[in-house]
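Enquirer: Just dropping this structure here.
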Amino acid sequence: MCSLPVSRQPLRRVAVTGGTHGNEMCGVYLAKHWLQAPGELQRPSFSAMPVLANPEATAACRRYMGRDLNRTCTLTFLNSTATPDDPYEVTRARELNQLLGPKGTDQAFDFILDLHNTTANTGVCLISEASHSSFNLHLCHYLQLQNPELPCRLLQYEPPGMETYSVESVSKNGIGLELGPQPQGVLRADLFSQMRTLVASTLDFIDLFNQGKAFPAFEIDIYRNLGSVDFPRTADGDLAGTVHPQLQDRDFEPLRPGEPIFKLFSGEDVLYKGNSVVYPVFINEAAYYEKHVAFLKSEKIRVSVPALPELTSSSTLVP
């Protein structure tokens, strides 16, 4: 169990980004809709800005054109000198940094909510890179309370020894919202509606926080990324098997040592050889084949989250 410090400043500059990956259709079409009709994103204490993050990949209905935009928002890319050979997403990351950042400065947006779909059976999954932020945990708890029919889990994902690189990392704080399963390039009405509801609840929470509502302390189970597991492969690097039927679609469920994780094409089972229980996430995610990732391993930990006290009246005044 651990406790985390609290946020003390209202969030005035908020963005909702969709289409970071151009074939994840809920965020794509919500962003397109809100660019035409942004009233849904307005709250008494702020108005969120809709952003179509990757227009060229969206137009092509591809995850990306040159490289993954959600792995490109590092200071190395953002601050490097532009060249004619830069992949489109490097150029676009710099544009987003000018619009929503600059990253790591006081001028950056207060919060970015980045919308994603996954082919894995994650349900509602919030991805947070900010382990120090209790705000994101309060947000997750609020979504759980407001939408009990949509189990919401938080995955703490921090690249080990690396700078954060996601689109939401351009802002002072942010979070990724994953919703699945949904095939790439497909728009499901039920998931579209669910994402719309979750975005509305997120903005409601920010508005309540800005207007001075206090949120009590609580405890919550979160999942912390421990690394990835690749598929079994042949000597020349091709697939030698696939995710075992007993593991498929069991995201966030316990995986114990000795349980099957892969089924080889020869018919043999590959068993999990770890020393402790882990919780697989993004099992058999289509976009991760190129990254040599069959699933992520996570550990479930209990976190004690301090209260978000009522903000002072001077902080909560609507601009």
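Just so you know, glycine gets a Cβ as well, placed from its N, Cα and C.
Look at TrEMBL and you will find 11-206 tagged as domain 'Succinylglutamate desuccinylase/Aspartoacylase catalytic'. The annotation Zn(2+) binding site is assigned in TrEMBL to His21, Glu24, His116. As annotated by TrEMBL, active site, proton donor/acceptor applies to Glu178. The annotation domain 'AstE/AspA barrel-sandwich hybrid' is assigned in TrEMBL to 219-300.
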Enquirer: Looking only at C-alpha atoms, tell me how far Glu24 (Zn(2+) binding site) is from Glu178 (active site, proton donor/acceptor), rounded to the nearest Å.
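Expert: If we compare the Cα positions of Glu24 (Zn(2+) binding site) and Glu178 (active site, proton donor/acceptor), the gap is 10 Å.
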Enquirer: What are the other residues, in sequence order, whose C-beta lies within 8 angstroms of the center of the C-beta atoms of His21, Glu24, His116 at the Zn(2+) site?
Expert: Gly19, Thr20, Asn23, Gly27, Arg63, Asn70, Leu115, Asn117, Thr118, Glu178
Enquirer: Taking the Cβ of His21 (Zn(2+) binding site) as centre, how many other Cβ atoms lie within 10 Å?
Expert: 27
Enquirer: Quick one: Cα separation, the residue listed as 'active site, proton donor/acceptor' versus His116 (Zn(2+) binding site), in Å?
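Expert: Per the Cα atoms, the residue listed as 'active site, proton donor/acceptor' and His116 (Zn(2+) binding site) stand 5 Å apart.
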Enquirer: Give me the non-local Cβ neighbours of His116 (Zn(2+) binding site): same chain, 6+ apart in sequence, Cβ-Cβ under 8 Å, ordered along the sequence.
Expert: Thr20, His21, Glu24, Gly27, Gly176, Leu177, Glu178, Leu179
Enquirer: Just checking, which of Glu24, Glu178 (recorded positions) has the fewest C-beta atoms within 10 Å of its C-beta?
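Expert: Lowest Cβ count within 10 Å among the recorded positions (Glu24, Glu178) is Glu178.
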Enquirer: When the pLDDT values for the domain 'AstE/AspA barrel-sandwich hybrid' (219-300) are averaged, what is the result?
Expert: 97
Enquirer: Counting by DSSP secondary structure, give me helix, strand and coil numbers for the domain 'AstE/AspA barrel-sandwich hybrid' (219-300).
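Expert: Counting residues per DSSP class in the domain 'AstE/AspA barrel-sandwich hybrid' (219-300), I get 3 helix, 33 strand, 46 coil.
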